[in-house]
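Asker: Grabbed the feature section from Swiss-Prot, which reads as follows:
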- Ser11, Gly12, Asn13, Ile14, Ser157, Ala158, Gly159, Pro160, Gly161, Thr162, Arg163, Ala164, Asn165, Asn269: NAD(+) binding site (BINDING)
- Cys126: active site, acyl-thioester intermediate (ACT_SITE)
Amino acid sequence: MSKVKVAILGSGNIGTDLMMKLERSNILQLTAMIGIDPESDGLRRAKEKGYTVISTGIKGFLEQPELADIVFDATSAKAHIRHAKLLKEAGKTVLDLTPAAVGALVVPPVNLHKHLDEWNVNLITCGGQATIPIVHAINRVHPVGYAEIVATIASKSAGPGTRANIDEFTQTTARGIEKIGGAKKGKAIIILNPAEPPIMMRNTVYALVEEGKIDENAIVQSILEMVKTVQSYVPGYRIRTEPIMDGNKITVFLEVEGAGDYLPKYSGNLDIMTAAAVKVAEELAKHKLAAQTA
């Protein structure tokens with residue numbers, strides 16, 4: 001089978017975990033890892049594995065644009081705004097793992113099929129990837145007037161990129177809850193928990209559905225079906241208890257355990273982003289290859 005060439009921009013935690021996940025892909029061929037710190041663990045590992053290593057950032061990649069058709073940006077929201085412009089000019093498809101939200105917001109099981117021709121796809125945030133599918137699952141049965149999510153992650157799993165993007169996290173996640181989840185109003189809260197040993201990523205979804213006849217069984221069934229769908233590409237994603245129904249208020253408790261590729265298993269918040277990124281890139285690649293043979 002033909003493969004589509006991809007490169008990773010950003011050699012931190014997310015970029016390095018992504019590198020390990022891409023090695024298992026049957027349709028994506030990782031060619032290069034791009035960073036700005038030649039001493040970073042990510043670039044060191046990429047060099048050991050035989051990938052092209054660029055330590056001069058995006059400038060270095062643009063000198064060898066033939067290295068990849070799809071570029072994963074695992075840097076920061078502010079950096080992505082600059083990168084997006086340059087990569088668009090170079091004719092690249094971009095998968096944005098920062099909360100910059102320059103391109104189309106995508107949650108794979110909800111709306112990926114609508115955005116297969118986009119040049120820039122944004123994966124929102126870890127909290128968004130974990131909770132928006134649940135908001136959507138409720139909303140497809142009964143309209144959601146308000147949805148609030150609380151994402152609690154281990155302090156140790158929050159690197160400098162995550163910490164620099166807290167404001168963007170809350171804004172972009174809330175936007176995704178509304179635009180993709182379907183809630184009329186959305187709100188997002190992130191909590192960094194310093195507990196030792198580090199906790200798994202936990203997410204709580206609170207949804208207020210509009211007044212009227214509520215089919216509780218249909219809502220619960222829809223949520224459980226969505227959990228199974230997300231598990232197809234994030235095996236450590238699970239619901240901790242049955243959804244709690246209280247009048248028109250629905251509460252769902254979720255947990256995300258990482259695959260333990262590069263990051264510890266408690267870093268489910270980072271793992272769900274890299275797993276979603278690979279899923280999206282594989283579908284974009286299939287679409288590109290199908291268009292070439294059509």
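Cβ coordinates come from backbone N, Cα and C, glycine included.
Map the listed features onto the structure and describe their local environment.
Answerer: In the three-state DSSP assignment, the secondary structure recorded for Ser11 (NAD(+) binding site) is coil.
Cys126 (active site, acyl-thioester intermediate) falls within a helical segment according to DSSP.
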Asker: Roughly how many Å separate the Cα of Ser11 (NAD(+) binding site) from that of Cys126 (active site, acyl-thioester intermediate), to the nearest whole number?
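Answerer: Per the Cα atoms, Ser11 (NAD(+) binding site) and Cys126 (active site, acyl-thioester intermediate) stand 18 Å apart.
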Asker: What is the interatomic distance between the Cα atoms of Gly161 (NAD(+) binding site) and Cys126 (active site, acyl-thioester intermediate), given in whole Å?
Answerer: 13
Asker: Test of understanding: give the count of other CB atoms lying within 10 angstroms of the CB of Cys126 (active site, acyl-thioester intermediate).
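Answerer: Step by step: centre on the Cβ of Cys126 (active site, acyl-thioester intermediate), count other Cβ atoms within 10 Å, giving 31.
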Asker: Around Asn165 (NAD(+) binding site), how many other CB atoms lie within 10 A of its CB?
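Answerer: Step by step: centre on the Cβ of Asn165 (NAD(+) binding site), count other Cβ atoms within 10 Å, giving 21.
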Asker: Let me make sure I understand the span of the NAD(+) site: among Ser11, Gly12, Asn13, Ile14, Ser157, Ala158, Gly159, Pro160, Gly161, Thr162, Arg163, Ala164, Asn165, Asn269, what is the greatest distance between any two Cα atoms, in Å?
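Answerer: Maximum Cα-Cα distance: 17 Å.
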